[in-house]
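Trainee: First the structure, which I've put down as structure tokens, then a few questions once you've had a look.
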Amino acid sequence: MALMFTGHLLFLALLMFAFSTFEESVSNYSEWAVFTDDIDQFKTQKVQDFRPNQKLKKSMLHPSLYFDAGEIQAMRQKSRASHLHLFRAIRSAVTVMLSNPTYYLPPPKHADFAAKWNEIYGNNLPPLALYCLLCPEDKVAFEFVLEYMDRMVGYKDWLVENAPGDEVPIGHSLTGFATAFDFLYNLLDNHRRQKYLEKIWVITEEMYEYSKVRSWGKQLLHNHQATNMIALLTGALVTGVDKGSKANIWKQAVVDVMEKTMFLLNHIVDGSLDEGVAYGSYTAKSVTQYVFLAQRHFNINNLDNNWLKMHFWFYYATLLPGFQRTVGIADSNYNWFYGPESQLVFLDKFILKNGAGNWLAQQIRKHRPKDGPMVPSTAQRWSTLHTEYIWYDPQLTPQPPADYGTAKIHTFPNWGVVTYGAGLPNTQTNTFVSFKSGKLGGRAVYDIVHFQPYSWIDGWRSFNPGHEHPDQNSFTFAPNGQVFVSEALYGPKLSHLNNVLVFAPSPSSQCNKPWEGQLGECAQWLKWTGEEVGDAAGEIITASQHGEMVFVSGEAVSAYSSAMRLKSVYRALLLLNSQTLLVVDHIERQEDSPINSVSAFFHNLDIDFKYIPYKFMNRYNGAMMDVWDAHYKMFWFDHHGNSPMASIQEAEQAAEFKKRWTQFVNVTFQMEPTITRIAYVFYGPYINVSSCRFIDSSNPGLQISLNVNNTEHVVSIVTDYHNLKTRFNYLGFGGFASVADQGQITRFGLGTQAIVKPVRHDRIIFPFGFKFNIAVGLILCISLVILTFQWRFYLSFRKLMRWILILVIALWFIELLDVWSTCSQPICAKWTRTEAEGSKKSLSSEGHHMDLPDVVITSLPGSGAEILKQLFFNSSDFLYIRVPTAYIDIPETELEIDSFVDACEWKVSDIRSGHFRLLRGWLQSLVQDTKLHLQNIHLHEPNRGKLAQYFAMNKDKKRKFKRRESLPEQRSQMKGAFDRDAEYIRALRRHLVYYPSARPVLSLSSGSWTLKLHFFQEVLGASMRALYIVRDPRAWIYSMLYNSKPSLYSLKNVPEHLAKLFKIEGGKGKCNLNSGYAFEYEPLRKELSKSKSNAVSLLSHLWLANTAAALRINTDLLPTSYQLVKFEDIVHFPQKTTERIFAFLGIPLSPASLNQILFATSTNLFYLPYEGEISPTNTNVWKQNLPRDEIKLIENICWTLMDRLGYPKFMD
């Protein structure tokens, strides 16, 4: 029967209302980043949710959940061929169950069943039932499963006695029991069918009632909700075939919640889950099942969800070398709770389709530990075998991802996690490092909670990050794959268990007084509803790799109580080689801070290898771990050289349903009045560290000299990282750290280059003063020898004095040459100190000097250049300025600058001869003294004259209003527009208050500027960084003519602009054929003179003329000042393209900016004005919607330039 629901339609209507009332500007998203769930598509596609597929309707009642009866024979054949390895795993699981029925069968008595956590019984039923379906001849197994289900159906309920408020065990039991019932339906007698079905009905009804009152019914993206909703859906689907409309209500409830889940997951651009890998595998198990069931039963297609496309990396990039252990962010065991082989084969079959999922599932199964703490729990190890069998696609040949075999850095910008060396075999050279500094709930959830774009989200009440840890700025280190520093995994939420800093004495300490760690600690679950905890956040400042060197840093001050009066808790990690890790803590506190002590912790869970005290070079205290005579060492010191002894402790903590042992090194430092800096060095057995010390510790940053394997490395790290000018001054570029050694300097985020001089430092083997003293002593000794000779051999006094004079002159000359070659200062007594100090500052800036960037963005209107705002918006490094706006307008010049496009090129000679003085002064003011320029803008209420001017500027748009609205209404509307523009100026001013060194980014809306970049070059000089955005002419013309109603072509009044292009109006000068006219526009002028020219032809000639002229004119600009960027590259390859743009600017791409551009290009949740949603699919929508004759016309006109830019022909 067709299942239609008014309730579901009501849900859609509420969603439409919620999105229609969403504010324009949200969090780190610009005013164009409007969250939209593609309501039109939602309506057309998802109102059919409850219309079962006709195929299912016509087939037998059961099985129908994951497959129908007609597929069983094929599944049995696969068990002997392509699926043999999975069948063997299922058969092995069943053999183990049959060998120990006392353990695996549900207890005969309900009291025993309810006495402990009992998810094992629901989890093991589906693979057992699938085996019986594949091997109906195995009567022993079938009798076993009947006894299994008879016992479960005989219980009065499936609750756990000591957890009466937790329905998760019921959810597992219901999912398993209903799935097994569906699989075995045709093998059961009628009595059992009816009895089992009644039990499923009763339990499903209970779950539905619980969903209305329990927190899991409201808390999204949480493992409890996903688990219980899948249970409710499974029960509804199984009973709904036989029972009526009540089951449909249950289905509706699940779909409403799970579609919200999928919608929110789409905001998470990196495929992660905030609950960590272990619980993430738990939630993902249910999400993949929902996606499959929703498509199979309701025709709901979520396979384009961006989170699913990225979720593979959540498993691959968190794996330590050897494929057995994962990084344990948040509550975790050593790897996964459920799967992840099932999730991986699902992703491969339906999303990736490249064999990578099958390959990783294969590696994980191959390397599964047979014993020890990393063995999967008996309650969970087989729970996803049935879905893995059903989803496995043998046609996808297992193959690793691209670049497999080389250690790579992977950044999860939403999660706030960086890993290095993941997904590799366990060999001596494969090292793993992880770093965590993220926002509570992940960036997307955090922003949604704080900026409330959706009315159906009730702040933190709609989420449950209770499994997260107080772990901002935490890290792990496994040189050679041997875990040296690990997390403490599942346990109480205490900061000292998470390798982060704690402080004392703190007035707000809630446990371990007087010490206090990060917000939300001190309980079994993170107290995310506590005071200030909802605002807790860390931030990864930078993450970059060059060769085997990695630099990562994070700020965690917002994760600590404001009562501690901390200004910065900045931690930097530098992996120098596969076995040497330098960790630096920079702590800055306010003058009235009560804190005077800081304590660091480093954990290891491996009971076989214990930490013992160690002393480095009899100078610094440390600790060592002996792994079969291989020594892994650490030591520490502050910027004064202090190195206190550590306390090495062991502890047992509650974890899941057991105790887990841990050990940790705890070292406490006394803090300085304002700034405290501490360095920790971790290194493996094949490394010789011979010295390590601070050589600079100033306000902007620090330098550490570290001698590793007889090579000196000078590490420079900026701690005033928000200040771009400070970074340029301290390092010579816009990054955050550099490493110099004898011959090269590595600038993290930009690259490595050779340096002319070897590293020089203040330890000089033969200083000048020492040489001078040696020379004087040598002269005296030789003089005494000569006197002795004179006395012994009676030499004449005259001859003696001649010899002495010659000797003195010779020695003086030699000393003079030595001074000439070494002394670089006028007063040589200061040579050693001055040169040493100078070397500190020059080490990092050795080589090519870079200027602070002044960014200019230009393009033809409609080319999508506005998307670059996502790279620069809400950044401490940049101030994104739209030009023009009501208050930032371009002054008039000798030549008119058309607001759409013109054909005038400004030559260097014209600029240098004194033209455009007013415009030149305006630009210098806006760029070089931005703060003063903005302050001098008077934000007064616009008078009638200003309104009239505004009307004139927008006359095309206003004609529409005049037909519909009265003059007072128009004035009111214009006043509102001016109010928005005034608030825009105030926002720019506020940004400069927080980040005074932010560099301006001028986004020029007129296409006229594409031919005038030489003007910016002359005014701004070497600091100019021009980004010229081009777009496929077919996509551009489609966007201009068809992508919005009314079209951009009409709104911009393009025909009028083109008609004015070659005219002279009102005495205003225009460039002509003899002066400043770009000759590429001549074909367009001829086209305009034709009476039958159409819009497509005109726009094609316009694109060709403007683009060709811009490419010719801008060829003269240096590659360091000008870069062409294709809009399609930004959308299709956002990370690669934006990294190239930021390298051009001399600044590393931050994870926050990366997250913003990924959100804008990958989620279908971001749109540009007149453009609609931005996604790789939508950039090619012209291929489906643009008439073929128009495509051919565009290609005929533009082909030469299209080919040069790399745009292929479509009509071929």
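Cβ coordinates come from backbone N, Cα and C, glycine included.
Quick paste from Swiss-Prot:
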type	residues	note
SIGNAL	1-20	signal peptide
CARBOHYD	N28	N-linked glycosylation site
CARBOHYD	N666	N-linked glycosylation site
CARBOHYD	N688	N-linked glycosylation site
CARBOHYD	N709	N-linked glycosylation site
TRANSMEM	764-784	transmembrane segment
TRANSMEM	803-823	transmembrane segment
CARBOHYD	N874	N-linked glycosylation site
Trainee: Measuring Cα to Cα, tell me the gap between N874 (N-linked glycosylation site) and N709 (N-linked glycosylation site) in whole angstrom.
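Mentor: About 43 Å separates the two Cα atoms.
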Trainee: N688 (N-linked glycosylation site) has how many other Cβ neighbours within 10 Å of its own Cβ?
Mentor: 9
Trainee: Just jot down the residues in the same chain as N666 (N-linked glycosylation site), at least 6 apart in sequence, with C-beta under 8 A of its C-beta; none if empty.
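Mentor: When sequence neighbours closer than 6 are ignored, N666 (N-linked glycosylation site) has H496, S599, A600, F601, A646, S647, I648, Q649 within Cβ distance under 8 Å.
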Trainee: Does DSSP put N874 (N-linked glycosylation site) in a helix, in a strand, or in coil?
Mentor: coil
Trainee: According to DSSP, which of helix, strand or coil covers N688 (N-linked glycosylation site)?
Mentor: coil
Trainee: Hey, how far is N709 (N-linked glycosylation site) from N688 (N-linked glycosylation site), Cα to Cα, in Å?
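Mentor: With the alpha carbons as reference points, the distance is 5 Å.
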Trainee: According to DSSP, collapsed to three classes, what secondary structure does N709 (N-linked glycosylation site) have?
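Mentor: It is coil.
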Trainee: Most Cβ neighbours within 10 Å: which of the glycosylation sites N709, N874 is it?
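Mentor: Buried the deepest by this measure is N874.
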Trainee: Can you see whether DSSP assigns N666 (N-linked glycosylation site) to helix, strand or coil?
Mentor: strand
